[in-house]
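Enquirer: The structure's right below; bear with me while I get my questions together.
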Amino acid sequence: MNPPQFSPKSRRALLFGAIFLFINGFFVAKVPQATRPELAGVSAAFVLVLWFPSLLAMKNWLGWQRAVLVLAALGAFAVGIETFAIKTGWPYGQFSYGDKIGTKFFGVVPWTVPFSWPPLVLGAMALAMRIAPKHRLIGATLILLVFDLVLDPGAVDQKFWIYRAGGIYYGVPFSNFCGWIVSGLIGAFIFCGISANKQIPLTLISSVTLVLSFWTSVCIFATPHILWIPALVGFALLGWIWREIKLQRD
């Protein structure tokens, strides 16, 4: 059976959603009050909204039971490795979360983490299947690393989390990217092990398209200066994604 594909309606919905998130990113970057700690519940709700397309795409591909299992396993791993990282400094380096994205598990990791990280793995796996189907674990790991070239600088700029020693890449240390290689490879392995399906549908990029639209905008409109490299990488990724969607349609 062929994997699910984007319908004309779902493509339009994704495009409108991406535009909306891009506009939202402008206000987050330019209006500091929009992300003050008292509005952490709003930020958390956004994470759930961005996670939902992943759940829907996984359900359409694997059914409810396996979809929930994959997302739950990835979410649990994300909480575990980030808790360990904050406590020990490995593998990402010494960092801590701010108060802008919700209540924290164990006073350490926001409860939104198990919803924010799995969609990135899904999107990376879907794209890796298009360029390196025989080496999708390595491909997905590298794509996740490129995602983080956009996400981490934007989040650090907004003080969603902070690296104690700072870093040469817009406040992000080299150790963080080494950590993403470790966690990305494990996440890709978990995904492949549970999904047990080689025909990964392109629809799994839905959530990460919205996420990248938002954070690319944040990087573009960052105050006082644009975050040039993350912004350009974000645009390149979005261009690639829309090209893949167009190729599927054609």
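Cβ atoms are placed via backbone N, Cα and C, with glycine included.
Copying in the features that TrEMBL gives for the protein in this structure:
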TRANSMEM  39-56  transmembrane segment
TRANSMEM  68-86  transmembrane segment
TRANSMEM  106-128  transmembrane segment
TRANSMEM  137-156  transmembrane segment
TRANSMEM  168-193  transmembrane segment
TRANSMEM  200-218  transmembrane segment
TRANSMEM  224-242  transmembrane segment
Enquirer: The transmembrane segment (68-86): which same-chain residues, six or more beyond its ends, come within Cβ distance under 8 Å?
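Expert: Result: 54-55, 58, 62, 92-93, 95-97, 105-106, 108-109, 113-118, 121, 179, 183, 186-187, 190-191, 194-195.
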Enquirer: Compare 39-56, 137-156, 168-193 by their Cβ pairs under 8 Å to the transmembrane segment (200-218) and return the stretch that comes out on top.
Expert: 39-56
Enquirer: So if I exclude everything within five residues of the ends of the transmembrane segment (168-193), which remaining residues of that chain have a CB under 8 angstroms from its CBs? That is, six or more out.
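Expert: Here the qualifying positions are 70, 73-74, 77-78, 81, 85, 90-93, 95, 117-118, 121-122, 124-125, 128, 136-138, 140-142, 144-145, 148-149, 152-153, 156-157, 162, 227, 229-230.
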Enquirer: Same-chain Cβ contacts of the transmembrane segment (39-56) under 8 Å, 6 or more residues past its ends?
Expert: 14, 21, 24, 67-68, 71, 99-103, 110-112, 115-116, 118-119, 122, 204, 206-207, 210-211, 214
Enquirer: Are there residues at least 6 beyond the ends of the transmembrane segment (137-156) whose Cβ is under 8 Å from a Cβ of it, and what are they?
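Expert: Contacts of the transmembrane segment (137-156) (Cβ under 8 Å, skipping residues fewer than 6 from its ends): 120-121, 123-125, 127-129, 131, 162-163, 169-172, 176-177, 180-181, 184-185, 187-189, 191-192, 208, 211-212, 215-216, 218-219, 222, 227, 229-231, 233-234, 237.
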